[in-house]
Amino acid sequence: MLYRTAGQFKTSYKADQALFPVRQDAVLLIAILIVAYVIFPLIASEFAYQTLLIPVMIYALAAMGLNILTGYAGQLSLGTGAFMGVGAYACYKLITIFPWMNPIVAILFSGVFSAGIGVAFGIPSLRIKGFYLAIATLAAQFFLVWLFEKWAWLYNYNASGAIQVPNTEMFGIYLTGPLASSVTQYYLVLVIVSFMTMLCINLTRGNLGRTWKATRDMDIAAELIGINLMRSKLIAFAISSYIVGVAGALYVFMWKGAAEPNLFDIPLSFQVLFIAIIGGLGSILGNYLGAILIVGLPVVLNLLPAALGLTISSALVEHLNIMIVGSLIIFFLIVEPHGLAQLWRLIREKLIIWPFPH
Amino acid sequence: MKDTEGYITPDGRQIGGVLMEMKNITLRFGGVVAINDISFDVREGEIRAIIGPNGAGKSSMLNIISGFYTPSEGEVFYKGEKRPPMKPFEVARMGVARTFQNIALFEGMTVLDNVMTGRLTHMNAGVLSQALWWGKARDEEMENREVVEKVIDFLEIQNIRKTPVGRLPYGLKKRVELARALAAEPSILLLDEPMAGMNVEEKEDMSRFILDVNDEFGTTIALIEHDMGVVMDISDRVVVMDYGKKIGDGTPDEVRNNQDVIDAYLGVAH
């Protein structure tokens, strides 16, 4: 009843192609933005920032990058973790080589490096596709993590082999490093992630988005209607890797605070891939839904026994976590293989015509 | 080039000069000769049919025109110029659009988006402009949307505009595919069995659309079709192929009375 489009007429193509042609969607988005920008900072605890809010956004951003490549352009990639690592290491080097550099600029610029490396590893996609391409990107994963470990220049030759985020400030406020407050970092991540999300929505609904989807759905037909497949795929790799790289920089600089090479190993790639798949390939909203599920579920499962008055050893909680998350992933994939975003799309279609069945 | 005046069809349409000419095309796959030394031309504004029994090499010929295959021998002249070997997407950008025998739509996209992909060759806003949805990208989107809406109106698919293509029945998919090809505003439109698998009414609809397209936009059409009735009705000139050879070329009436063609279709006593 609340969600009904009757009476909302569009009189121009511009109105029809607006970001949110349905008024309720726009209202909903504004509500979410108000909650994110105003309400959360007022009520969130340090714990909430560190375990939920910041990681959800960073993971959602990384998944969005992967989704552009896999969900929209149809190129399967298993190297997301390593590309995040490239972003993180690039940002670290930028900030340590040019200490005067604004950390926000450094974070946004570090994506350029991962974009370059992404394109380089995307070149095989011109000849191979599907699982074979996944294996090729897996090579990137192994190679890059090996490089992070062996190339001492990357971590400034320090003894631990890890990168430590230095304190940086802007207008007297610490943005990164141990001195930065969670609220500042939260806002920074929020602004960057919402901006990137807007760019992604625009890219995927425009000409480039159609080019990617055409490449994904049927590459031969795509070529015969005038799409340069090589260009389409490499642009997808570049943009996807850029976003993933920025997510990687945020991951270390805004959340973890320090990183060792193995942080960017395959488990991270898989985690981001799970988020993208569970959220829904070929959807922007899905990345958020998937990230909320994957990041939020373990937190909830951790807190649940205590809330119910049960005392369970932390090791058992940890194991239960893995089992429950794993079975939920299988459950979701069976119930809705197109992800949570598709679930929302179906609910929306039903809501628009509710209470009538057709 | 000789003979650029064209001719006038029995129903009074003026057919122009040669738009595309295939000269001595031969196509081999290893030892198999799919097309053997075939020449024919397609004139501006004409509906040109390529017919022949199964395996005659019709689709291969269409694939050569659209740049998907490169002929082993022979040349393609387009708009009076010899066409160098090209990638299919480059051919498409020169104004050659086509549909496919087995529908090749982008199943994950809506009808509108599918038809919009037909406009790709007309859009060239930069990535940044698209990402910000500002300036050139937005203007382009609106302009091209208008063209696309005209095509959608023309083919009477307004009501399924926002439906994902995967949910449509076969006949409509064929129509959407035609819409996508038309949206490109091609100089020459290649139709690969536009009526395959359709019932009589759908065939009538499709024939009407093909004639209307030719009539209203003046689009040159080259089509492959198995339904003889349809071919003889709508086409101006017909090329007949059999086992990779050209066995007939002319108006439907000429072709119908050609002994070789009759033999190829009905068989001969050996």
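Note: Cβ is positioned from N, Cα and C throughout, glycine not excepted.
A TrEMBL annotation is a machine prediction, not a hand-curated record.
For A:26-43, A:49-69, A:76-98, A:104-123, A:130-148, A:186-204, A:234-254, A:266-285, A:292-316, A:322-341, the entry in TrEMBL reads transmembrane segment.
Contact check: the transmembrane segment (A:104-123) against the transmembrane segment (A:322-341) gives fewer than three Cβ pairs closer than 8 Å, residues 6 or more apart, which falls short of the contact criterion. Sequence-distant contacts of the transmembrane segment (A:266-285), counting only residues of its own chain at least 6 positions beyond either end whose CB sits under 8 Å from a CB of the stretch, comprise 59-60, 62-64, 66-67, 70-72, 78-82, 84, 141, 197, 200-201, 204, 213, 216, 244, 291, 293-294, 329, 332-333, 338-342, 344. Segment contact is absent for the transmembrane segment (A:234-254) and the transmembrane segment (A:322-341), given fewer than three CB pairs below 8 angstroms at sequence separation of 6 or more.
Spatially, the transmembrane segment (A:292-316) is adjacent to the transmembrane segment (A:322-341); three or more Cβ-Cβ distances between them are under 8 Å for residues at least 6 apart in sequence. Counting only same-chain residues 6+ beyond the ends of the transmembrane segment (A:186-204), those with a CB under 8 A from a CB of the stretch are 19, 33, 36-37, 40-41, 44, 49, 53-54, 57-58, 60-61, 64, 68, 72, 104, 107-108, 175, 212, 239, 243, 246, 250, 254-255, 284.
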